[in-house]
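Undergrad: After the structure tokens below, expect a handful of questions from me.
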Amino acid sequence: MIIKPIASPARYFLRTPSWSAVAIFQAVKIKPLQLRTNSSNSVTPNLISPSKKSWKDLFSKRWQYYAEISRAGSPTGTYLLYSPCTWSILMAAYAYDSSLVNVTKMLALFGVGSFLMRSAGCVINDLWDRELDAKVERSKSRPLASGKLSVRQAISLLSVQLTASLGILLQLNPYTIKLGVASLVPVCIYPAMKRITYYPQVVLGLTFGYGAVMGWPALAGEACMNWSVVAPLYLSTISWIVLYDTIYAHQDKRDDVKANIYSTALRFGDNTKPVLCGLAALQIATLATAGIMNGQGPVFYTLGVAGAAYRLSSMIYKVDLDDPKDCFRWFKRNSNTGYLVAAAIALDWLAKSFIYDS
């Protein structure tokens with residue numbers, strides 16, 4: 001007997017009454033292929049694309065938690081910590097006509113140091129606040145608050161970060177090293193301040209603005225330390241930090257009340273915007289004073305001082321303090337204000353070298 005081959009298995013099943021197309025799909029759990037049109041109006045299969053992997057997926061869960069507690073994926077804090085350092089270094093370069101090589105070296109060292117110390121500060125903050133963070137919606141998923149990392153693991157990470165930071169600090173002159181060691185005091189006590197005072201942002205300002213004190217002597221040396229420039233510059237950075245961190249604190253004001261956490265956002269309340277205007281005026285006035293004492297040129301005032309004044313006034317006018325997302329959006333934009341002032345000082349330095357002194 002000669003057996004004829006079946007032309008098509010699918011055609012055979014479809015000719016069989018018990019194997020309709022619907023039955024086949026149901027039997028093997030296959031969904032009909034969906035079609036979609038692309039921008040050229042041609043029909044293409046809507047195939048399932050593989051899920052996209054982020055850079056975090058390259059590391060184990062523990063390393064992902066280490067990166068999370070260090071805020072490695074949120075660089076805004078590093079930029080804000082770095083900005084006062086750049087202002088001070090570049091102002092010293094303007095005053096003493098420093099070489100580009102030395103300025104670049106200092107900017108690089110302070111850049112790495114800012115990343116390390118900001119990361120270490122976040123770990124210290126989370127160690128202090130792990131119980132409070134669990135009560136706040138925005139922070140309850142942090143590694144320590146959620147139990148993803150243990151206290152011992154966080155302390156081990158902190159030890160590595162502080163050791164690396166010390167390695168950066170030891171590249172500087174002895175006077176700047178002493179200043180750097182002194183900065184650890186506000187770094188360590190800041191998390192406790194939100195438990196006892198409505199003004200923890202002031203302590204944060206002393207901490208985050210400290211680069212304005214260290215940058216100048218790091219480049220110029222102890223003998224050339226000019227407090228008539230550095231002091232108003234430091235006050236300018238403190239005012240700026242209190243301003244933008246008050247906006248940041250408005251994100252959590254409802255949860256903070258429940259958790260007994262204090263902040264300038266709660267202290268100022270409905271009067272926050274008038275206070276922010278006062279802080280902005282103080283920042284701009286002291287920034288201009290530092291420029292006057294340093295003999296800065298017109299580029300600094302037109303781009304740096306006036307530019308910062310415009311950005312701050314625009315932010316204060318537009319930010320919705322009752323919208324957490326809007327508060328965070330405007331908070332992040334302060335890093336651009338820091339870049340603007342740094343660029344103004346750098347361009348003023350170049351103008352002095354090639355235009356003012358020519």
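Quick reminder: no glycine exception, Cβ is built from N, Cα and C everywhere.
Per Swiss-Prot, the features are:
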- 1-20: transit peptide (TRANSIT)
- 76-96: transmembrane segment (TRANSMEM)
- 107-127: transmembrane segment (TRANSMEM)
- 154-174: transmembrane segment (TRANSMEM)
- 202-222: transmembrane segment (TRANSMEM)
- 229-249: transmembrane segment (TRANSMEM)
- 275-295: transmembrane segment (TRANSMEM)
- 336-356: transmembrane segment (TRANSMEM)
Undergrad: Any chance the transmembrane segment (275-295) and the transmembrane segment (154-174) have 3 or more Cβ pairs under 8 A, given the pairs are 6 or more apart in sequence?
TA: no
Undergrad: How about the transmembrane segment (336-356) and the transmembrane segment (76-96): at least 3 CB pairs under 8 Å, pairs 6 or more apart in sequence, or not?
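TA: Yes, the transmembrane segment (336-356) contacts the transmembrane segment (76-96).
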Undergrad: Report, as numbers and ranges, every residue of the chain located at least six residues beyond the transmembrane segment (154-174) whose Cβ falls under 8 Å of a Cβ in that stretch; write 'none' if there are none.
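TA: Non-local partners: 66, 69-70, 109, 112-113, 116-117, 119-120, 123-124, 126-127, 143-144, 180-181, 214, 217-218, 221-222.
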